[in-house]
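As recorded in TrEMBL, the features of this protein are as follows:
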| type | residues | note |
| --- | --- | --- |
| DOMAIN | 93-535 | domain 'Major facilitator superfamily (MFS) profile' |
| TRANSMEM | 134-155 | transmembrane segment |
| TRANSMEM | 167-184 | transmembrane segment |
| TRANSMEM | 196-214 | transmembrane segment |
| TRANSMEM | 226-250 | transmembrane segment |
| TRANSMEM | 348-370 | transmembrane segment |
| TRANSMEM | 390-408 | transmembrane segment |
| TRANSMEM | 415-435 | transmembrane segment |
| TRANSMEM | 441-459 | transmembrane segment |
| TRANSMEM | 480-500 | transmembrane segment |
| TRANSMEM | 512-531 | transmembrane segment |
Amino acid sequence: MSTVRPKNIDNNVNAKLSNPLRGIPHDRLMADVEIFAQERGMTHLLPELKKGALVAQDPTCYNRLAIFSDEDKRIFTEEVTHKWRQTPTLYYMVIMSSLAAAVQGMDEAVINGAQILYPKQFGIGDPNSQRDSWLVGLINSAPYLCCATISCWMTHPLNHYFGRKKTIFITCLISFLTCIWSGFTNTWWHLFISRFFLGFGIGPKSATVPVYTAECSPAPIRGALVMMWQMWTAFGIALGDLIDSVFYFIEDTPGVTGLNWRLMLGSAGIPGLIVCLQVLFVPESPRWLISGGRYEDAFNELCRLRFSRVQAARDLYYIHVLLEAEDEIKKDRNRVIEMFTIPRNRHAAVASWIVMFGQQFCGVNVIAYYSSNIFLASGFSQGAALDSSLVFGVLNWLFALPAVFTIDTYGRRNLLLFTFPCMAICLLITGFSFWSTSETGRVAGVSIGIYLFAIFYSPGEGPVPFTYSAEAFPLYIRDLGMSFATATTWFWNFVLSITWPSLILTFKPQGAFGWYAAWCCILWVLVLLFVRETKGKTLEELDQVFAMDVGMHAAYGLRQIPYGFKKFVLFQNPVPEQLYQVEGNVPSTVGNEKARREEDLERANV
């Protein structure tokens, strides 16, 4: 069964988003629900399951069928008209996930201030020494080396055996303990080891929290809730920069040298302890529970996350139908190989790799980790450099707030296409300002460039990658896919962190910032051609989005260039091309869905 067909003779295409329940006759659907309830021991929920299956098949049927009460009609109507009206439990889950993200941000940021203090104490503080530059870079990048090589790949076994929320508990506990440990180190290699083990708290957490949030969230606001990960990571970075500024002025006490940087590093563990104290009280991911056959538990958790039992029954049955189709194709299969051999999975992996690679090679973390040194080089004092880094952190957080509303309105892809060119310009402003012979002009140029960069990064390449990667992969390889995506970002994070001190020493700030400005331009082209839009679609409907042939999507991207020129340069009002549309009258059954996936598998095996 082909999921892509010509829309008209100009070779535009539609990717039809099929609902696997559409086309099933009413009597057969009700019979399927009864069999499902009997097999899963849920006959006591049969009335809710029947109504839920009808809404899963046709989201508007509640207005036409007498089986639905007035209360049912009100709740389903408000899902559309008041999409932000959600249960307190859902928002409690979001708050917990946001705190876990803040742990991440603090883990990353406190080293920014500490690195202007500990190198001298450890005898690696010569700014003109290549050896010392590489050692400082190695220490700063140690957690990300662990993430890329080991810890991100532990995401799947941890999630498989412990579940989403217990994995979050374990990783936050590791973050707390290793941050305290790093504050007691007395040699550069000891600090390197403690920060390397910090990576075991960063990697699996960064892969698990966005997936957990995506699996608990309703589709209309899923992007906004998942992007809370990045927004509150940015808050954690700002909080880390604030702690750096406050603790910088603390003097040593008898018997303790470097108390200020030790407090900087140790304090980053406190939010992790707070998360550990509350994470076990939030719901477990319903999708994870269903994948383990725990349907009753999944229904109970969905009841906590949704307003009515009928909503919970709808989500339960719809997830079950899709998982049945996936179970048929994952038996006796190598999921690692299938992530790259099946076209649907490969397209998701390529797009996730691009946005995750882009999150690093847009250059943001050379600023997040080294802004204090950059401001020092431009003419600031140490205290002023830390305060200026704090401003960057605050802007990074504040301008992530609009993305809560824009990410599901304008879409992930459009935000990237708009912000990448702007970030390139900001990096060039920052680098070229170092040519100024006036200290005032140099300081002003560097500050303006870095602050504007934060303003454009935060609503685009900041929130999009983790949101995108968390929703791009089908459930049966989602843990592996997210491990791959996060390992990508942490590997390139490691590359940036370890190479920046040597890069800026060798090529000067002008060349170093120009390098990442060029990458922003390259990434714009990659996003245009290979990154598919995912906004407003259920996690299951995305199967059809990523099934589209890569050549067709690239051709669509090229056609967007003249459209954008007419709209944003000539200020005309061209008609946008609708690449995706929900399938209307074309029947699509679970059997058809299985047949399409088997066809993909056979094509991959040829």
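Any Cβ shown, glycine's included, is placed from N, Cα and C.
Curation plays no part in TrEMBL annotations; they are all automatic predictions.
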Segment proximity, the transmembrane segment (226-250) to the transmembrane segment (390-408), 3 or more C-beta pairs under 8 Å: yes
Considering the transmembrane segment (196-214), which listed stretch of 167-184, 226-250, 415-435 counts the most C-beta pairs under 8 Å: 167-184
Long-range neighbours of the transmembrane segment (415-435), counting only residues six or more past its ends (CB under 8 A): 355, 358, 362-363, 374, 377-378, 403, 406-407, 441-442, 444-446, 448-450, 452-453, 456-457, 459-461, 464, 508-514, 516-518, 520-521, 523-524, 527-528, 531, 564
Positions on the same chain near the transmembrane segment (512-531), where near means CB under 8 A and six or more residues out: 350-351, 354-355, 357-358, 361-363, 366, 412-413, 416-417, 420-421, 423-425, 427-428, 430-432, 449, 468, 500, 503-504, 550, 553-554, 557-558, 560-561
